[in-house]
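Participant: Have a look at this one before I ask anything.
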């Protein structure tokens, strides 16, 4: 058998069919999962390139394998482009994920048992910020800060009080479900008072930071981590940024050989492509549209009587609090899914329900904005979501309404382009 003549359709019909069906699913639903997006065909092409064949342990010009001349060029391009994008002095583009980017920073700056202070899961934080089931909660003495119980906004006074009390080695700013801006300068003030390191995890808002639509943490944080998908609209992966090159040197050693082995050179090439796209003027317009669309979505749901956490949004995330409506997040997300609208159940701050059930849903605008949705389209989407939620108030069997909304979704989504 000549492997170089094989294609997927002939080699593995089952996987080929799965990919075809997934393409159909992605093309036919309104995608509101806040952490998802659609990459360009150029990113897909780079990600599927033969660079996947190349082992390249180490860093450009310091590899443990020969034959790395071309992949060195690709990685250097990715590094230089992302440094320009975020206006920083140091970048590492090798992390396989945002979680591993965070782990590399921990490995570089902390010792087991050190205290870390991060946002609690139910307030919108991430597993890797000290949650008990995660490595960060097992290896370190994790302390959590919450949001204000009335406004649901970050409580900087509480963070300062906890920092004074616990003297963390690392203070973490960042979230996976928080719809408002973060004051990174205020975090740095707190850090300087207690002599801690400051890490900003901007996985969700990296695109906003890169385009100036959110305050940059680069001047304030010792290390900045992110994913390369979500609002950056690149391949799935991670990155680490800093203006402190001495810390950057520690992070390089922590990531390789400390945490990872060979980098994924096809993914790094795809990251470089995405960063080039992010440097174009139209990307800033895209991010501005993402934010405007989120505000339109939040307003349309508020008009229908639904509680939007914090009263609105500054970014791409809309959190719907369903406690007063007597609907669980799980029930709502499943019903919306059957109606062709994909989102996720999400905990609400101080949520007393199980994280597998939750009292809210998280909605996001990056993916549909990539397809061309504008504010008026998200107003329609908001009403579709509200229709489904209204139906659930009366009856958990929402099948008739789900079919009606699915028909509306189909008519709307057909107006917007997808991969050919």
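Using N, Cα and C of the backbone, Cβ positions are placed for all residues, glycine too.
In case it helps, Swiss-Prot gives these features for our protein:
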type: BINDING; residues: 121, 125, 126, 127, 354, 355, 356; note: (6S)-5,6,7,8-tetrahydrofolate binding site
type: SITE; residues: 229; note: site 'Plays an important role in substrate specificity'
type: MOD_RES; residues: 230; note: N6-(pyridoxal phosphate)lysine
Participant: Sorted by position, what residues of the same chain at least six away from residue 126 ((6S)-5,6,7,8-tetrahydrofolate binding site) have a C-beta under 8 A from it?
Facilitator: 102, 118, 119, 174, 175, 176, 201, 203
Participant: Are there residues of the same chain, six or more positions away from residue 127 ((6S)-5,6,7,8-tetrahydrofolate binding site), whose CB falls under 8 angstroms from its CB, and which are they?
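Facilitator: For residue 127 ((6S)-5,6,7,8-tetrahydrofolate binding site), the qualifying residues are 99, 121, 133, 134, 136.
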Participant: Since the record lists 229, 355 as recorded positions, which of them has the fewest other Cβ atoms within 10 Å of its Cβ?
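Facilitator: Result for the recorded positions 229, 355: minimum number of other Cβ atoms within 10 Å at 355.
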Participant: Quick one: Cα separation, residue 356 ((6S)-5,6,7,8-tetrahydrofolate binding site) versus residue 230 (N6-(pyridoxal phosphate)lysine), in Å?
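Facilitator: Here the two Cα atoms are 23 Å apart.
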Participant: Just to be sure I understand the packing, how many Cβ atoms besides its own are within 10 Å of the Cβ of residue 354 ((6S)-5,6,7,8-tetrahydrofolate binding site)?
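Facilitator: Within a 10 Å radius of the Cβ of residue 354 ((6S)-5,6,7,8-tetrahydrofolate binding site) lie 11 other Cβ atoms.
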Participant: Restricting to the same chain and to sequence separations of six or more, state which residues have a Cβ under 8 Å from that of residue 230 (N6-(pyridoxal phosphate)lysine).
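Facilitator: The answer is 34, 35, 36, 37, 203, 204, 206, 207, 366.
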Participant: Rounded to an integer, what is the Cα-Cα distance in Å between residue 125 ((6S)-5,6,7,8-tetrahydrofolate binding site) and residue 229 (site 'Plays an important role in substrate specificity')?
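Facilitator: Their Cα atoms are separated by 18 Å.
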Participant: Greatest CA-CA distance (Å) over the residues 121, 125, 126, 127, 354, 355, 356 that the record ties to (6S)-5,6,7,8-tetrahydrofolate?
Facilitator: 16
